Each structure stands twice: as structure tokens, then as C-alpha cells.
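S.K.: Feature table excerpt (TrEMBL):
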DOMAIN    1-67  domain 'HMA'
TRANSMEM  84-103  transmembrane segment
TRANSMEM  123-141  transmembrane segment
TRANSMEM  161-184  transmembrane segment
TRANSMEM  190-208  transmembrane segment
TRANSMEM  345-367  transmembrane segment
TRANSMEM  379-400  transmembrane segment
TRANSMEM  683-706  transmembrane segment
TRANSMEM  712-733  transmembrane segment
DOMAIN    769-834  domain 'HMA'
Amino acid sequence: MTENYVVTGMTCSACSSGIERAVGKMEGVNSVEVSLMGKTMKVDFDESKVTEEQIFSAVRELGYGVYAEGDAPAPKEVRIDKLLFIRFIISVVILVPLMYVSMGHMWDAPIPPFLNPEYGNERWFALYQLILAAAVIGVNYQYFTKGFMALIRRVPNMDTLVALGSGVSFAYSLALTVMIFMGIDAHHNAMNLHFESAAMILALVDVGKWLEEKAKRKTGDEIEKLLKLAPDIVTVERGGELITMPVGKVKVGDIVVVRQGDYVPVDGKVVSGSSFIDKSAITGESLPVEVAEGDYVTTAALNKSGVIKVEAGKVGSDTTLSKIVKMVREAGASKAPIQKLADKIAGIFVPAVVAIALLTFIIWLLIDRAFVPEHCVTYAISVLVISCPCALGLATPVAIMTATGKGASLGVLYKDAENLQRLSDINCVLLDKTATITVGKPSVCAVVTFGGDEEKLLSVASGIEKHSNHPLAKCVVDYHPHSAEVSGFEYIVGQGAMAQSGGKNYRLGNARLLSGIKIPSSVSDRAEQLASQGKTVLYLSEDNKVAALIAVSDSLKEGAKQTVSLLKKRKMRVAMLTGDNQTCAKAVADSVGIDQFVAEVMPEDKLKAVTNVQSVGGCVAMVGDGINDSPALKQADVGIAIGSGTDVAIDSAGVVLVSDDIRTLDTAFDLSRATVRNIKENLFWAFIYNVVMIPVAAGAFSTLGFTFNPMIAAACMSLSSLFVVGNALRLLLYKNKNLASPAGENPPSQGNMSGDSNINNDIKEDESMKKIVSIEGMCCEHCAGRVEKALSAVHNVVSCDVKLKKNIAVIRSREAVSDDEIKKVVEDAGYKVTAIEDK
């Protein structure tokens, strides 16, 4: 079984590595992963061989706290950054008089005679420093308790190095103090006391860790912002009464009242009212969308106007917001493959540094002919203090946590650190057509009959499709709601459906469904013509004779062509997979600039396409809707589900693009590469810092006059960690510079017909009628969208393109549509028609 636990008290990567080693070697433990940033431990173990309590005991023996997630809340901890700041202030208050007395005599500062060693008061001089240094050590006792406890248990960490560095300085000075009180070379020994170093090391580490914790807290800012979107108190309608209650008490089926300015607290269906809601917190799209009765809304959507009532379908931890927050947290706590090397080095780093410090002491003891003990001690202490396992341990996790939080704010959810890193290695992207490249809302754009009655044939087609759950079925039913009664319905996967009506046999589907039926060349030519315009053609046969063609079209997503171009610029091979025929697939591919495509594929064929690319060394990303592409998404090196927050998408995909905006796909790749680059910078700094600074601290360049005393060494150590954390936090400022208008930053909206190229190409002039309608009263994209939706619903209207800047709507129809009908529809939507021009 696999369980997640919360671990407290960790301060550096050596802590997490120590816990992993201790728990990992227990019999029955299959794997263990500890996150320093997330303060979590994930353990896969055999409960028949090891118990949870035994695992807890192993962790607690190392000096850390541990408890199971979901249990009673852990004892409330004081915020580490606040605790460190308090310790730093107290240490400085004590340190100032200590430094003044210990070093003041060097620049003739006025020092009380009884504390001035120049007046023969070496004993008071030493005793005064001892008391103040001991006070600073007392304030910072945790470094010593944790550090020495870890050393005793053979899992030394950063606290061990600090405790040894400060402790050795204090112990050496204490020995000199004893010699002073014994009268042994009192003045010389008084001048070589290191009490101020022992205290200064602790104070500098405090300020460094305080700044580090403050910076690390910023990595979770995006998650905190998401959590604040869930209201604590909600209004529920029960038995005709409005009841105010905590959001945690809302049950599935409750009717929740969402007023203007409130965030939607549950996932559910709007049962009353209409409004515009802002989903930018989840999808990254700032443009509000209109919702009305029957529409589905999710948590964290902001109600911009009016009052709506929502029937709760998902509450608590099942809501979209809760799942996104959980996903982001787990991703931030996970480990990227690039971190494994750093973890291995961190595991042996502290023991290696202690060994180097001892070796430094011995070497200087042997080569220092003048035998000045304080030189040997100073160099050894400097080695202990300057070494920084924290920089090494923080290089990857801080960047990962920052990137996953930033990604969430842009509508990009990385399932874990491994997928985030692997995305940077992708060299081939396979795009599903429907709902990825196209909007995914097909509509009937043309009906061609061959001698039969169109009304009757459409009624039969609608009757057949009423029994189907195929995506194209709904658009046929919507186009012609009046359905004929059918019987003997049979659905054939990948081809279409068959049924009987009025004593006749009908088939409705693609050309494969009509095998055995001779298709006249005139019908084939017409179907080919429609397909070449990017339309999907459905054949309707009546008693083994083609009776009609129903053309269905979809619109390109805004930014589809731009996204494909950007992926190509990243040296990626881009291909499209679709169930459409060759002609239709080619039209769509050409529209967005895709050179390679595979047409007429089934879901299992998409899986095969992924494995084929992988077999020749390709690193594949499969992009789909997360439902019918599930096998391919799982097989791909990285599966990317777009425009979906469903459970299936999250389970199947390694990356989820919450928004329907395809441009977030490029953002996902760009942020991944920026994060990996940031991690490499951090690791380079961490390695170079230690490789260069440890020899300097050991006195390797002392002949050149270049050395560090312990105080400077402590400052360098603190700055090293701050550099790594600060560099990682640059990811909070991330913007995709490749996009003129990145997703999440007011992307342009031009209605459902907008885009780089509209594959719902207009029917040729000789086959359609065009009207230009001048409209008064439209003032925003919402108005344009409302008018477009209303006019598109008019019978026989093939397409409608609303141009807000010109205040016009361009309508194309199969047959004549009366001006009165157009005026009525527009006026019902709340606007005024000022002119209608036939073209």
C-alpha cells in the first residue's frame, strides 16, 4: 500500500535524504520519497512486514515529527520564518555588545577598563564574552540539539555543520579562557578568543535561513491564491428558505445561491438565473462567459452579474478547485529525475565536509611550522561553516514548486515533476483534431439531396442520431429537432448507424458504411468538394441508394495556426490524427500549417501512432481531449489533455490544459523548458560554489593572502542558499514571450468563427446567399457573441460572422432568410437592426 505523511522539522536536503535512507532500509518498505519543500513523505510498503507505527518510530528517532495525512490536525507550528526572525533579533541584541568589547580595542574604541585586556583585565574580558556567546547559543540551541542528534544517528545535516562550526569556536575559546584563568600566556590567549565567531555564525545563519524561508513561502503563493477563491460561508436554499452555512456542510443536491461578486462554491448545474462568470482563476482566460439554466459551472468561477442558483453536483474534495490544488501540491512535492543526482550527493555531502574539515586541521597542524593553533582551528571552522548542502538540496524542489504554482495560474497543470521535466525533451507532438485543433462544436452547414424530400430525409436522419452518442449526432439533431420514428437501430463503430423508418432501410455515416452500395460519380464528386473545404460528410442512404449528403463543419480554435508554428520553431515534428477522411483531414492540416497527418483513425490507431514514433526514438507528446484519447495519452511520453478538468483527463494525462485556448500548449512547453534551464543554473551554482569555496576556506590560497574567517564563511553560506532560492523565484515572473497575447492575459476573443483560418469555409457564392446586417447597441465581445449565437440558430443559416468594430454581422444561408426574421432575432437578443444588405 502507498500512504502519504507529513514530516516536520526538516531544514535541508540532508534531512530528507537521511529520512529516505532510514525508512528505505526497513524490511517491507518498497519505496520512499521525502519532499523537503512539501514537508511530505510518500511510502509504498507491505503492511504484513512493517507497520505504520514502525515507520513513524524510525522517523521520530531521527528527531523529526511525523503524522498521517487526514488524521487529527498536527499541533500548530509557529511559522519558521517568524521564529528565525525573533531568534535573529535577540541574537543581534546580544551580539552587538559582544562584538564591541571583543574587537573594540582594535580601533581604540572606549571600553570600560575592567573589560579591557590592555589594562591586564584578560579574565573579565574572556568571561564577559563567554557569557554573551553562551546566551546566543542558548537562543539558537536547536541547531545544536538537532545537529548533534543527527550526527549521533549517523545522518548529519546542515544543522550539524552549523553546530560543529559554532561549537568548535566556542569550545576552543573556552579552552583558552581556562588557560587565561590559570595564568598561562593570558594576554596572547585573550587576543585569540573566537567567542564572537561562535555567536556571529549563528546570527548570520539565522538571517540567511529567515530570508530563505520568506522566499520559499512565495513558491506557494499561487496555491494560496487558489485556496482563497473558495468561500467559507455560502447560502443554500432548503425547503424554500435561505440558510447560511459553512461551505463544508453543503451536500450534493443542495441548491446554492450565488450572488453578484461571489465565487461559485461547488461544481454543478445552473437551475435558475443567468449571468456572466469569470473563470480566469482556473482557466487563465480573463474574458467572462455567459451561463444560463442548464449550463455547468465549477468552483472558483466569479459571478460578475445577476443571481444564479446552482445545484451542487460535486462538493468538498471532489470539486474542480480541490482537485487542482491537490494536483499542484503533489506536483510541487514530487521529485524530478534531474534531482536524483543532487539527492545522492547531498546524502554524503555533510560527512564529506566533516572529513575535509578534520583533514584541513591535521594538514595545517603538520605544515604550520610556527604552530599557531588558532590557524588550524580557524581554517577547520571555516570549512564547516562555508559548506552549503542547502543550495544543493533546494536547487530543484524550489524551482519545481514555483513552476507548478505558476503553471496553475496560467491554466497549465503539471501532474508531477517528472512530466514537467520530460516535456522539455519532447521532439514530436501528435495533435488530435476535434476539440484540440478545432473548437469541438460541429454544426450542420450544408444538406445536399438527390431527388428525395429534404424535410423527410432530415427527419429520418435526426431520428437515427437521437439514438447515438457520437459527437456528430447531436449537431444533426440540433439542426433538425423534428425527428421521425425509427426502429431497429444499430450502431457500427467507426462507420455510423442503421435503422428502419416507414418500411425503408436507412444508413447514416461515412463512406465505409455504404460498402456494397454503388455511389454515383456525381455524388462522390459533390462529397469530395465538401470535404476539400474541411467539412465532414455524412452519407444518408435509403434502400441501398444514396439519398443525401449532410456536411458538418467545425471552426479552428483561435491561435491554432500560431501554436503549430511555434511548436515547429521549437524544432518539434507536429502531426495531426483524425477520424475524418483524407480530403477533410488535408484541408484542416493545410489550414494550420501541419505537414503530416493520419486520417480515418480509430482510438486504437492513435495508440499505434504513438508507439510507432517511439519505436524510432521519438519522444512523443499526445494532445487530446482526455477521454477517447485515453490509451494514447497514457502511452505517450507525456500525455496532454486540453480543455478538460475531468477525472479521466487527470488520470490519463501528465499535463492538463484547463483552458480551451490551444495557445496554452506552447506555454506548457515553454514553462517546462524555462524550469529545467532554471534548475540547471541552480545546480551549476551549487556545485561550483562548494567546489571553489571549500578550498578557499581551507586556506588553499592563504599564501596569496586570500582566506576567510568563520564569520565571512557563514555569510557566504547564507548567501549561497539565497541565490538558489532567488533564482528559482524568477519563475514567478514568467511570461511566454513567444505569444503576442499569452493565454491568461486577455487573449482576443472573436466569437466561435474567429481564428487564423476558418475551416468552416463559406459555401461557394453560387450555392449560398449572403446578407450584411448592420446592428446598433453592441459594445463588447459578449454582445457580439450573443448576436452571433442568436443568428446562427436561425433555420437555413450556414454561418454567421459578427464584426464588432464594424457593428455588422455577415450571414450566409442555404436558402433565403427573410429580413423580418433576422430583425426579430436580433431585437429579441436586445439589439437593433439599422440596415440589411443583400450580397
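We number each residue from 1, going along the chain as drawn.
Placement of Cβ uses the backbone N, Cα and C atoms for every residue, glycine included.
Please go over these features one by one and say how buried each is and what sits next to it.
M.R.: Listed by sequence, the residues of this chain that lie at least six past the ends of the transmembrane segment (84-103) yet keep a Cβ under 8 A from its Cβ atoms are 109, 111, 115, 125, 128-129, 132-133, 135-136, 139-140, 193, 195-196, 199-200, 202-203, 206-207, 209-210, 213.
Distant neighbours of the transmembrane segment (123-141): 87, 90-91, 94-95, 97-98, 101-102, 114-117, 166, 170, 173-174, 176-177, 180-181, 186, 189-190, 193, 195-196, 198-199, 202-203, 205-206; these residues of the same chain sit at least 6 beyond its ends, with a Cβ under 8 Å from one of its Cβ atoms.
Counting same-chain residues at least six beyond the ends of the transmembrane segment (161-184), those with a Cβ under 8 angstroms from any Cβ of the stretch are 122-123, 126-127, 129-130, 133-134, 137, 140, 143-144, 146-148, 151, 190, 192-195, 197-199, 201-202, 205, 350, 353-354, 357, 374, 377, 380-381, 384-385, 387, 389, 710, 713-714.
Counting residues 6+ beyond its ends, the transmembrane segment (190-208) has Cβ neighbours under 8 Å at 84, 87-88, 91-92, 94-95, 98-99, 102-103, 117, 122, 125-126, 129-130, 132-133, 136-137, 139-140, 143, 162, 165-167, 169-170, 172-173, 176-177, 180, 374, 377-378, 381, 385, 709-711, 713-715, 717-719, 721-722 in the same chain.
Non-local neighbours of the transmembrane segment (379-400) in the same chain are 11-14, 16-17, 35-38, 157-158, 161-162, 164-166, 168-169, 194, 197, 201, 212, 216, 219, 331-332, 334-336, 338-339, 342-343, 345-346, 349-350, 353-354, 356-358, 360-361, 364, 417, 420, 675, 678-679, 682-683, 685-687, 689-690, 693-694, 696-699, 707-710, 712-714, 716-717, 720-721, 723-725, 728-729, 731; each lies 6+ residues outside the stretch with a CB under 8 Å from one of its CB atoms.
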S.K.: Same chain only, please: residues at least 6 beyond the ends of the transmembrane segment (683-706) with a C-beta under 8 Å from a C-beta of the stretch. Say none if there are none.
M.R.: 338, 342, 349, 353, 356, 360, 364, 375, 379, 382-383, 385-388, 391-392, 395-396, 713, 716, 720, 723-724, 727
S.K.: Who are the long-range neighbours of the transmembrane segment (712-733) in its own chain, taking Cβ under 8 Å and residues 6 or more past its ends?
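M.R.: Counting only partners 6 or more residues beyond its ends, the transmembrane segment (712-733) has Cβ contacts under 8 Å with 165, 200-201, 204-205, 207-209, 211-212, 215-216, 218-219, 221-222, 381-383, 385-388, 390-391, 394-395, 398-399, 402-403, 405-406, 671, 674-675, 678, 681-682, 685-686, 689, 693, 697.
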S.K.: If you average pLDDT over the domain 'HMA' (769-834), what do you get?
M.R.: 81
